[in-house]
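> Here it is, the structure in full.
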Amino acid sequence: MQSKMPSLKALLLALFIIAVVVDQSFVEANFPKSMYINWGAHHSSFAGNGEDLQLVLDQTSGSAVKSKRSFLFGSIEMLIKLVPGNSAGTVTAYYVSATVTSTGDKHDEIDFEFLGNVSGQPYIVHTNIYTQGNGSREQQFYLWFDPTADFHNYTIHWNPTEVVWYIDNLPIRVFRNYEKDGIAFPNKQGMRVHASLWNADNWATRGGLVKIDWNSSPFIARFRRFRARACKWDGPVSINQCATKSPANWWTSPSFSQLNSSQMGQLNWVRQNFMIYNYCKDTKRFNGQIPPECFKQQF
């Protein structure tokens, strides 16, 4: 009778394939191994065996880190505890940005920015997406919790079909791929992960009316458990490799091509109760010429 148990050779091959898949789509969470300080070295520190990052802002400098690797598609997540107390004028940023074209008409970027406020007033979550240099796509939200009291999960999920912004696993925003209709989508450039804390009191709080109170400094933002389950960028060859539908490219699965009904309910709850600005509704800003993606299916 022929055994139905898999051979040792087949089992080892399967384990090897699984290991390769995991290696290709997961980046070590240890901050010193996966990121480096690119600004304000004396205002940044790693702790907790490399699992924790602290960024500091005072009158002399802010601070920032960015990932050593670039990615194209996948899921980028971070736990963040924002600046407590009077944070007016400060901005804590967490975003992915094109490796080569950091500015200009080819620039791609996907943003979370947290706009500080005076004590007792809510933070504003400022989201944006740049495609081919166009970044006039802001949407803003209040949070439904105190983001300074504990760490919360902020995730950018990005695949060939759509970009989704998540907070504690709740989707808050979607930007779908309508490239076939002439609307640019970030799918041809590797992006590094960035985190920073900086002085933006010329615009961050009430349009710049409220300035930083340096008596409240130093301002400290804390980051924990950086995870990049994403396709590693190896140059232009990655444009097709990272977009190819395969088990290794889990982000290309049909289940990630559109929010399901439960996620749509969560998204609608957030947007109906906590959204405070949507560029698609700002007719004055665009002189009546609303960006074309606003007329497409949004979710």
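Just so it is clear, glycine is given a Cβ too, placed from its N, Cα and C backbone atoms.
Straight from TrEMBL, here's the annotation block:
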type	residues	note
ACT_SITE	Glu109	active site, nucleophile
ACT_SITE	Glu113	active site, proton donor
DOMAIN	1-223	domain 'GH16'
CARBOHYD	Asn117	N-linked glycosylation site
SIGNAL	1-29	signal peptide
> With an 8 Å cut-off on Cβ-Cβ distance and a minimum sequence separation of at least 6, pull the same-chain contacts of Glu109 (active site, nucleophile), or say none.
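Glu109 (active site, nucleophile) has long-range Cβ partners Tyr95, Val96, Ser97, Ala98, Asn128, Ile129, Tyr130, Gly135, Pro186, Met191.
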> In this predicted model, what is the average pLDDT of the domain 'GH16' (1-223)?
87
> Excluding near sequence neighbours, so keeping only residues 6 or more apart in the same chain, what lies with its CB under 8 A of Asn117 (N-linked glycosylation site)?
Ser87, Ala88, Tyr123, Ile124, Thr205, Val210
> Within its own chain, what residues at least 6 apart in sequence put their Cβ under 8 Å from the Cβ of Glu113 (active site, proton donor), listed in sequence order?
Val91, Thr92, Ala93, Tyr94, Tyr95, Val125, His126, Thr127, Asn128
